[in-house]
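Trainee: Have a look at this one before I ask anything.
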Amino acid sequence: MWGRLLLWPLVLGFSLSGGTQTPSVYDESGSTGGGDDSTPSILPAPRGYPGQVCANDSDTLELPDSSRALLLGWVPTRLVPALYGLVLVVGLPANGLALWVLATQAPRLPSTMLLMNLAAADLLLALALPPRIAYHLRGQRWPFGEAACRLATAALYGHMYGSVLLLAAVSLDRYLALVHPLRARALRGRRLALGLCMAAWLMAAALALPLTLQRQTFRLARSDRVLCHDALPLDAQASHWQPAFTCLALLGCFLPLLAMLLCYGATLHTLAASGRRYGHALRLTAVVLASAVAFFVPSNLLLLLHYSDPSPSAWGNLYGAYVPSLALSTLNSCVDPFIYYYVSAEFRDKVRAGLFQRSPGDTVASKASAEGGSRGMGTHSSLLQ
């Protein structure tokens, strides 16, 4: 069921490409801005809905009827804010609690540093969503101004791709610990963990920076709506947005996912060759890898399809499918805490001890149970911490 849910934006995108395609000539009254009836030049397929700047008002964009219908439909105004709301309701407390426990209860290990940064990235992603939820629920009306729009866009993408990069760092740490345990004693130090965290944050910041350099708020023609990032002028696509989002998809998603595939592939092979006593760790590693691929590949594949053909009508309104697929990608921040932290009996015991101020003597039984489970699967919690 989850697989179908995550793949439906791709199906929607291909159905849009065969049906309501973006026309190369706007047939709406005044949409070409003035008396020039010539066909607009073919530009690269746009990141957002293709907007034509009105000749007498540079703050207003005219959209084709097909794009306008998708922009104002139930998917962006109801489904997308519902998905973002789920991330906020589940991801905020789950990641906040996990970060608190990791910072106050967990041992100061290099792997703990990586998991703390992952929890922080997922937490910041959830905190970046309320303005976008308000925007979509208000029927695509952005009330916060241009600067806030740029910051909200950069925060959404920066923290999401920062999470992907940190997931890759965690996979490398797990690879060293399980595939090269002897070498890991020398390599898996605080210096390596700190370097991986700094590299992930700096890369995420560099990828998000171009999202703050171009104007992103425009008024929708024949309405009172001010759009944030959802409709952008065609002439800005090839020069700015195409390279910016191509780099985001390739460097922020597919390259880290490739690293995760290689690291977790080797980890799975090592666990499988070790015997049945690693069965739980084997299944958990497979779930971690599958969730990352399932949540991030559809939206980033749609993003690259935008720029795979020079004609704006080649793929139709793929952006209409990209918006919900992006919202689905943010759901990964809700899943991370449960497959990286709360799956561990030892971590759950630390949560209970922290919440209810239980002394170590009160948790002997639960710790003994966790240790017994660890012996049965080759250190249950060590796979995560």
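Just so it is clear, glycine is given a Cβ too, placed from its N, Cα and C backbone atoms.
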Trainee: Membrane-wise, does Swiss-Prot list R108 and L305 on the same side?
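Mentor: L305 and R108, as annotated in Swiss-Prot, occupy opposite sides of the membrane (different topological domains).
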Trainee: Which cysteine out of C54, C149, C334 is the one Swiss-Prot pairs with C228 in a disulfide?
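Mentor: According to the record, the bonded cysteine is C149.
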Trainee: Return the stretch with the most CB pairs under 8 A relative to the transmembrane segment (284-304), choosing among 83-103, 152-172, 193-213, 248-268, 320-343.
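Mentor: Looking only at 83-103, 152-172, 193-213, 248-268, 320-343, the most contacts with the transmembrane segment (284-304) come from 320-343.
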Trainee: Out of 83-103, 109-129, 193-213, 320-343, which stretch has the largest tally of CB pairs under 8 angstroms to the transmembrane segment (248-268)?
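Mentor: Going through each listed stretch, the top one turns out to be 193-213.
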Trainee: Mind looking up the mean pLDDT for the topological domain 'Extracellular' (130-151) in the predicted model?
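Mentor: That region's mean pLDDT is 95.
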